C-alpha cells in the first residue's frame with residue numbers, strides 16, 4: 001500500500017502533463033505574462049465599449065429633435081419662435097399658442113376631435129407622464145435703490161436675481177378686473193437648481209409654483225388667471241416649465257425643461273433642456289416587465305464590467321501596498337490607473353442611486369395626477385455620461401502602458417516626457433498672454449459683442465480665433481482702431497510667436513526621440529515579449545490555413561510546413577530585419593547627411609587608391625625603361641678615325657633585350673640574347 005501510492009501519484013502527474021489540463025497549462029506558459037495582461041485589459045476595454053455603446057443609438061437624438069421642433073421651432077408670430085422672442089408679450093403668446101396647444105392637443109391634423117386616450121400623446125408618439133409644472137423665480141419689490149435725482153420719475157427698482165434678493169413669499173395676486181378677487185400661488189422648495197449657460201446666473205430650486213393637470217379646460221382656466229392677476233410681473237426674473245414624456249416605441253423617457261429669463265437689464269433669454277434617456281430599462285429587466293433580451297444582455301454585461309472594476313481596484317491597492325505609497329505616486333501609469341478606477345467607482349455609485357430612485361417611483365409612471373420630478377435623476381445620468389466620456393480617454397491612454405515596451409509605440413509618451421518641462425513654461429506664457437487679452441477684449445467689447453460678454457466667453461472666443469474662427473468685421477464695427485490693434489497684436493503674439501515656440505519644442509523633442517529610437521533599434525537584439533506574441537497572433541491565421549491545406553492536400557507529412565522552432569527563428573529574423581529597416585527610415589536629416597558624407601568620402605578614397613596604384617605601375621615601367629636605355633648606352637662602341645678601312649663603322653656587341661607591352665624584359669631566347677643570335 002505504501003509503495004502503490006507514490007506510483008499512483010506519479011501516474012496522475014503524467015496524465016496531467018499529457019492530458020487536457022497539462023496541454024492547457026503548457027499553452028498558457030507558451031505566452032508571455034505581458035501578453036496575458038494585455039489580453040485581459042483588451043477584454044476590459046471591450047466590456048467598457050459595450051456598456052457605453054450598447055444602449056445607445058440615434059433614437060434619443062431624434063426624439064429630442066421631435067420635441068424641440070414641436071415647441072421651440074414653430075412660429076407663433078411672424079418670424080418669431082421660442083428662441084427668437086424678445087419681449088414678455090411674446091413669451092405670453094408662446095405659452096398660450098404653442099406650449100398649451102401642443103402639450104394638450106384636442107384635434108388631429110384633419111381637424112377631427114381626438115379621443116380621450118389620444119389626447120394624452122404629444123406629437124402622436126410621446127405620452128405625457130403625470131402633470132406639468134410652471135415655476136416662477138421672483139425678486140423682492142424695490143430690492144435696489146433709485147438715485148435721488150430720479151426718485152420722482154422712477155417709482156420701482158427691482159434688482160438682478162441673487163439669493164439675497166429672492167422673494168420667497170407666496171404670490172397673493174389681486175385682480176385688476178374684479179375688486180376683492182384674489183389668487184394665491186404657494187412658494188415651494190425643490191432640488192431643481194439651474195445655472196444659466198447664457199447669463200451665468202445660478203437659480204435655486206424654489207419659486208412660486210403652478211401645477212398644470214392634463215385637462216385642457218382646467219389648464220386654460222389657470223392660464224387665464226396667470227394673465228388676469230399679472231403673475232409674471234416686473235419682479236419675475238425667470239420662468240421654468242417642466243414636463244415629462246415617454247416614448248414606448250423606443251423605450252425612452254424625455255425630461256423637458258423650458259427656461260425664459262427676464263434679466264433686470266431688459267433682455268429676454270430663452271433656453272431649452274431636453275434629455276431623452278433609457279431610464280427605466282434596467283428596472284424593467286430586474287422586474288421582468290417586458291424588457292427585451294438585448295436590454296437584459298446589456299444590463300448583465302454592465303454588472304460584469306463593474307465586477308472587473310472591483311477586481312482591478314483590489315489589485316491596484318495590492319500594488320500600492322507592495323510598491324509603497326511614494327513610489328506608487330511617482331509612477332505616472334499607477335496614478336492613471338488609480339484615477340480611472342476611482343472614476344469608475346463614482347459611476348457605479350451614481351448608477352446605483354439612480355436605479356434605486358427610478359425603482360421607487362416606477363409605479364408612479366402610470367399615475368396621471370402627480371408630477372414626476374426627474375430633474376436630479378437626469379442630472380445624475382448626464383453626470384455619468386460626462387465621467388464616462390472623460391474616463392474613456394484615460395482608459396484608452398492606458399494602452400500605451402502595455403505597448404510602450406515596443407519602442408515605436410512609445411514615441412508619443414516619450415515625446416511628451418522629453419518636452420514636458422519646456423511645455424510647462426510655454427503653457428504659463430500662453431496663460432499670461434491669453435488672460436491679458438481676454439480681459440482687454442471683455443472690457444472693450446463685452447458691452448456689445450456676445451462672444452466677449454464675460455471673461456470666460458472671451459477666452460473661448462480668443463482660442464477659436466487662433467484656430468481661424470473669428471469675425472474681425474464685427475470688432476471693427478464697434479471700434480475700428482482698438483479692435484484691429486487688439487486682434488492683430490493677439491494673433492501675432494499668440495499664433496505666430498508663442499504657438500510656434502510651442503510647436504518647435506514638440507518638434508525638437510520628437511526628433512530627439514526618433515534619434516534615440518534609431519540608436520536603440522540598431523543595437524536591439526530581439527523584440528520585446530509582447531511584440532513577439534502579437535506577431536504570433538497576427539500570423540496565426542496563415543499558419544493554421546497552411547497547416548490545414550497541407551494536411552488535406554500535401555503528399556507527405558513533411559509538406560505540412562516548418563516546425564514551430566523554425567517559425568520562431570524566422571519571425572525573430574524578420575523582426576530584426578524590420579527593425580533595421582525601420583531604423584534606417586527613422587534616421588534624422590542630420591544622420592542622413594552624415595551618411596551621405598561618409599559615402600562620398602568612401603568613394604573618393606576608392607578612386608584615390610586606384611589612381612595611386614596606376615601611378616605606382618607607371619613608376620615601375622619607367623624604371624624598367626631606364627634600365628634598358630642604360631644597357632644600350634653601355635654596349636654601344638664608336639671606332640676612332642684612321643682605323644681599318646676608309647669607312648666608319650659602328651659595331652654593337654651583345655643582344656638587345658626584348659621589351660613586352662608592359663615595359664618589362666621578356667624571358668627566354670639563346671644565351672646570346674634575342675632570336676637573331678649574335
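Backbone N, Cα and C atoms are what each Cβ position is placed from, and that goes for glycine too.
Predicted automatically and left uncurated, TrEMBL annotations should be read as such.
Because the structure is a prediction, the values reported are computed rather than measured.
When the ranges 2-19, 20-37, 38-55 are checked against TrEMBL, the one recorded as transmembrane segment is 38-55. For the ranges 378-400, 447-469, 516-538, the feature annotated in TrEMBL as transmembrane segment maps to 378-400. With a 10 A radius on its CB, residue 157 (disulfide bond) counts 15 other CB atoms from all the protein chains. Long-range neighbours of residue 144 (disulfide bond) (same chain, six or more residues apart, CB within less than 8 Å of its CB): 157, 158, 159.
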